[in-house]
Amino acid sequence: MSVAGLKKQFYKASQLVSEKVGGAEGTKLDDDFKEMEKKVDVTSKAVTEVLARTIEYLQPNPASRAKLTMLNTVSKIRGQVKNPGYPQSEGLLGECMIRHGKELGGESNFGDALLDAGESMKRLAEVKDSLDIEVKQNFIDPLQNLCDKDLKEIQHHLKKLEGRRLDFDYKKKRQGKIPDEELRQAMEKFEESKEVAETSMHNLLETDIEQVSQLSALVDAQLDYHRQAVQILDELADKLKRRMREASSRPKREYKPKPREPLDLGEPEQSNGGFPCATAPKITASSSFRSSDKPTRTPSSRSMPPLDQPSCKALYDFEPENDGELGFHEGDIITLTNQIDENWYEGMLHGQSGFFPLSYVEVLVPLPQRPRLHGPLPQ
């Protein structure tokens, strides 16, 4: 940094201390500027929180949220993305229904109904994928761009304006000791920065119709999703009602137990299946004592670990797709350490820690419930 730059930093620091500590008054900005600055600040906070809440609305699952935020506009160049790369809860439910429907077989009314419902759930998952991608490209990405460029640029101009104001006020307070040309240059730079900041804020506030357009795109995507979801569910409801009517119209099959076959006991003297009875041995005191001993139980070759802590058993294989996820195989016993939300757990296996979906495991020993706090939390 040059000597002039160091002097300017010293001037600004001195003026700031005199205002904060000594109560000195600096140059006041007009009310219109302050009102515009306030509106920009409110807009910035609104966009930031709406972004976070929209992503959470689309995917409550933290791992899926991370994948959703990684989707970028490069996908538009390569062609329309068919799925966002993470499973939808509707799809997982559909796969579960189809698997059990096939196990029950075609002769089961419940099995056929599960197959119908499973296919509909998988269609709902595809529609939900389209919703996530549409909202990401037409609502989340434009608002994120607003935060990263326009709002960030305005903050830069406001910060630069504050620095030049401090420099101008320091030199104005020392008028006569500082050359008039230097004071005039400081005032011109302050006025220039004020005009630039004012223009950027004005442009943002005057073009907020763009944010209205993006909000409209969000609503249109939701409407399209719900229309398709209603159509899919209506078709499923009609199928299930038709199956109920067909089942009620068919005659019920009565259960008829099979006749019992007569038991041939044979001759009385050969009541043990035709073989001659052996003479019962004499029971002595020593043999009676040995016969009363109970046989020792052989332990199973696959012993379960002691379930003295929260744990669960893997029902299926789970392959991690993101950093922080814990992979396991069917039958593994996982130690539970924390519950992230209603769909995800955190646990340990073979010395490794990570989080995994609840739908892949069966809880053997649940986590202790957290005590509920009475009264409001401290701010």
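Just so it is clear, glycine is given a Cβ too, placed from its N, Cα and C backbone atoms.
Nobody curates TrEMBL annotations by hand; they come from automatic prediction.
Sequence annotations record features per position, and here TrEMBL assigns domain 'BAR' to 18-249. Residues or ranges marked as region 'Disordered' in TrEMBL: 243-311. Among the features that TrEMBL reports, compositional bias 'Basic and acidic residues' is placed at 245-263. The compositional bias 'Low complexity' annotation in TrEMBL covers 297-306.
Within the same chain, residues 109 sit at least 6 positions outside the compositional bias 'Basic and acidic residues' (245-263) and bring their C-beta atoms closer than 8 Å to a C-beta of that stretch.
In the compositional bias 'Basic and acidic residues' (245-263), helix, strand and coil residues by DSSP number 5 helix, 0 strand, 14 coil. Predicted-model confidence for the domain 'BAR' (18-249) is 86, expressed as mean pLDDT.
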